[in-house]
Amino acid sequence: MKIAILSRNQNLYSTKRLKEAGESLGHEVDVIDTLHCYMDISSNRPAVRFKGEALPYYDAIIPRIGASVTFYGTAVVRQFEMMGTFSINESVAISRSRDKLRSMQLLSRKGIGMPRTGFARQPDRIDDLIKNVGGAPVVIKLLEGTQGIGVVLADTQKAAESIIEAFMGLNANILVQEYIKEAGGADIRCLVVGGKVVAAMKRQAAAGEFRSNLHRGGSASLVRLSPQERKTAIDAAKTMGLNMCGVDILRSNNGPVVMEVNSSPGLEGIETATGKDVASMIIEFIVKNAKPNNTKTRGKG
């Protein structure tokens, strides 16, 4: 099988592991810089070009697209879909998951547990926005933030109002969420592949920090999931339409709540914490499911 990994950096842990796993299972795996691709979209034979020539036909692609290049990256994925190539995550699903607000609206519609959340840009009653999610302390997030950037914990009503006013001054879209104190600065990352949780780890925030992202100094350890947590992760992935993703869950007094669904989860932390060969599981899923035009939208949506 011929597989392409769409990644801007072939030396990243996740990219290297996926390439190694694919090759060890006997497949041909290329790493292609998404931003250096360009597309022929006007002819009746759609193509993706790279370094002066049309790329060969690939049986499957694995998009490893960073948040900052979502627009162009998903356009490249869509072009591959139009050519009949199987993508482990479809362009529409990636775009859907990258929009935090749309993701939460979809999860809410499916009745999946979430923290109480408000969305605003220029609210005329900041106090009511805060009150509506249960009052301070609250977590305030920039809608476009990633890896814990643009996420602030406001301990008091006054602090929350000041932070929201500051973000309003930037004309930013913001989410205001209840603070799940009982989680103790920890969350659970569930790695879902093909409708199954194949690995899970607990991420604990560093001392004095409430964000558990490993990029922010958090630590990772093995965790045992409850049946409800496992079901929540699987349901969240299904709602987003993602075959492979990381689902971040907090343990609240009301059961598991989903914080985020990540369409391009890093593999280093979870493989190290669990000792599982997640990269090979991803390749094996592709081998079983990659058939020409085996995407729901075929690049149309």
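For all residues, glycine too, the Cβ spot is worked out from N, Cα and C.
The ATP binding site feature in Swiss-Prot is assigned to Lys141, Glu178, Tyr179, Asp187, Arg211, Ser212, Asn213. Non-local neighbourhood of Glu178 (ATP binding site): Pro115, Arg116, Thr117, Val133, Gly134, Val138, Val139, each in the same chain, at least six residues away, with C-beta under 8 Å from its C-beta.
Reduced to three states, the DSSP call for Asp248 (Mn(2+) 1 binding site) is strand. In sequence order, Asp187, Ile188, Arg189, Cys190, Val258, Met259, Glu260, Val261, Asn262 make up the list of same-chain residues 6 or more apart from Asp248 (Mn(2+) 1 binding site) whose Cβ falls under 8 Å from its Cβ. The Mn(2+) 1 binding site feature in Swiss-Prot is assigned to Asp248, Glu260; the stated evidence is sequence analysis.
As annotated by Swiss-Prot, Mg(2+) 1 binding site applies to Asp248, Glu260, with the evidence given as sequence analysis. Mapped onto three states, the DSSP output places Glu260 (Mn(2+) 1 binding site) in strand.
The Cβ of Asn262 (Mn(2+) 2 binding site) has 18 neighbouring Cβ atoms from other residues within 10 Å, across all protein chains displayed. Residues or ranges marked as Mn(2+) 2 binding site by Swiss-Prot on the basis of sequence analysis: Glu260, Asn262.
For Glu260, Asn262, the entry in Swiss-Prot reads Mg(2+) 2 binding site.
If you look up Swiss-Prot, you'll see 104-287 marked as domain 'ATP-grasp'.
Counting every protein chain shown, the Cβ of Glu260 (Mn(2+) 1 binding site) has 18 other Cβ atoms within 10 Å. Look at the binding-site residues Lys141, Tyr179, Asp187 and count other Cβ atoms within 10 Å of each Cβ; Tyr179 has the fewest. Secondary structure at Tyr179 (ATP binding site), taken from DSSP and collapsed to helix, strand or coil, is coil.
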